Amino acid sequence: MLPEEDLKIIKKELGREPTLVEQGCFLNLWSEHCSYRSSAPLLKTFTTTGENVIIGPGDDAAIIKFEDGYVLAIGMESHNHPSYVDPYNGAATGVGGIVRDIISMGARPIALMDPLYFGPLDTPKNLFLFEQIIKGIAGYGNCIGVPVVNGETFFDRRYSGNPLVNVVAVGLCKEEKVMTSRSQKAGNKLILAGSSTGKDGLGGASFASRDLSESAEAEDRPSVQVGDPYTEKLVMEMTLEAIDKGYIKSCKDLGAAGLGGASSELAAKGGLGAYIIADAVPQREPEMNAYEILLAESQERMVFEVAPEDVDAVLALVQKYDLNGAVIGHLTEKPNYTVEFRGEIVADIPIGFLTGGAPTCEKPSEAPIHREEGKKPETPEDLKAAFMKVLSSHNIASKEWIYRQYDHEVQLRTVVKPGEDSGVLRITDKKGIALSCGCQPRATLLDPYTGGRTAIIENAMNLAVKGAEGLAIVNCLNFGNPENPETYWQFKNAVLGLGDAARELSIPVVGGNVSLYNESDEFRTAIPPTPSIGMIGKVDLETPLPSGFFAKTGDSIILVGETVPEMGGSEYYSCMGAGNAGKVPEVPKNAPEIIKAVIEAVKSGKLNSAHDISLGGIGAGLARMCKNMGGKVDVSEIAGGMKEDEFLFSEAPARALLATAEPEAVQELLKGVPHAVIGTVGGDALEIKGKDFELFISLEEIKNAHESLTKFMMMG
């Protein structure tokens, strides 16, 4: 049902009662999911332009200039609500939707990333959601031949009842082949191609704009789309061939709000109208009505603008790939969205009003009185036991059980595989891209502004340890109910933090999506604010890339950046039962300089190993690097007055661990930013010495801790 206030606005504009079909169009296109009515004022604060940005926000995906005539398409989407109701299909179609966004820009998809957020795996329900979502992503991505090269998986009890499935997709094409969703000329035909239209996903856009109820699994299952990756692969090849042959004037994939959304947005973007003949749509089910035909979100469908003389050629291509296709309307000079069904006009709406008339507003915001939970833990009597507890946490442990289900080498571009700070793909003989994703939800819950800044800095450092400078950022802004002033305050401040940090690094925010109403009636919880981002950067492949693990005995270990005692939102506090207590470590003012110095050190070719320090702090970072060999570290001189657990587990941003056989030369490159040589690589254990403590952890103990998630899943 349309909100009463919206209905009043619509009646006034139309001068009459809207028809049932018109109400459906407004219900979906004016939903939070489609119109960003609560978030639009905040999204305008991002810097979205830059020297490499060809197309920024507003199209199906952004287009970023690379080199040698190549451009990158990048987009990010969420499929959160559907993945709770039907986890396999919800996750699978989340992949399919963002992949079609890339295709509709004329680019071939070359990489996926999947930041995922779950409740702890100690309940059958959370375990089921986790397993099925991973299977859904793997089942779809593997079948269409697009590698998943990086990801993040984070567990927290607040995601019980509302897991988050965010997907980043990257594509590649020549600049002259770039396509847009901006309609070109009145009189051109609209062709719907791909799968036939059924009733699956009906009302998906409006479904994604409300909280999840206790009965959601049963009641909302029809709102979840069902995907077919083999059809998606055919749609991909057919679309790219049609674009390559010059038949397509503009193009848009069918996602939220189905044909009604895609065809109206395509026409409106070019200042034109559209006349749709709903009967002409290839239908999967008999006796579908106009409402269902227009708004069903059946997957694997595209709408093309085609000149009349090219219609037969496009339909021949559709037939060649054994797909469904038909002319379902045309573009008009009159800027109206008109729908005919069985000889009658069932909708006739000013198109700009439909696609851009939803009232937007910045909602009331108010800082929560109590943001902290629990209290700071005492310094542990058994430091090694605490250390091992952190290493064994599912948030710190290896995610090999997940990424081994993905084909991460298909297309033969993968240079750095999953399991390191960022994935790396080869684009040309000399250049590649690094990709990273994620955020720190617990820190953002305590301090949304700092949490937003930290997300940018951490991902930038993930790229930096591979020598990559950031080119572009996309985001999925996952929050609770924006009508709650405290939630909107979180949202507003996290967005401001993201934007400020991105500007400090001169990286434009070129696209993404907003997912609100992530709350669960079943668990009486809202998700922690989760401003998940994807970041890509350019890598020089002529210089050997450092490993994320210790690689050469005798290398000097260098700590870059400054460690501070603030521990708010840390994995250590969570493992010690402290909840979200304490102050979140601030992003240092010299973070851009630190990141730049690390990039220069990597580009020098003098590093054998490099790793970002984030979740779990220096302790977890060192342990992670001890995959093949150990190291001896002495921090007694640099820990200052910090307690041992503070120094080991602080998650202060803008830090990295480097290993080199040429410490003097690397230190010269790091001149001007905080750094210190803290030890050497070698041996069969990690040894850490401080003022008042010594730790000895064998490689076997580290391996067992890192395999905790894999062992848990393999035990069934």
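Glycine residues also receive a Cβ, built from the backbone N, Cα and C atoms like all the rest.
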Candidates G75, G432, G438, G512, the one Swiss-Prot lists with Y36, N475 as binding ATP: G512
Residue from R100, R503, R524 that Swiss-Prot also lists as binding substrate with S78, H79, N80, H81, Q225, E297, S298, Q299, S515: R100
Cα-proximity to D253 (Mg(2+) 2 binding site), 10 Å cut-off, over recorded positions S78, H79, N80, R100, Q299, G512: R100, Q299
Densest Cβ neighbourhood among H33, H79, R100 (recorded positions), 10 Å radius: H79
Residue, out of the binding-site residues E77, D101, whose Cβ gathers the largest set of other Cβ atoms within 10 Å: D101
Residue with minimal Cβ packing [other Cβ atoms within 10 Å] among the binding-site residues S78, N513: N513
Most crowded position, judged by CB atoms within 10 A, among D253, E297 as binding-site residues: E297
Pairwise C-alpha maximum, in angstrom, for the residues (S78, H79, N80, H81, R100, Q225, E297, S298, Q299, S515) that bind substrate according to the record: 21
Those residues of the chain, 6+ apart, with a Cβ under 8 Å from that of N475 (ATP binding site): M76, L498, V509, G511, G512, N513, P531, S532, I533, G534
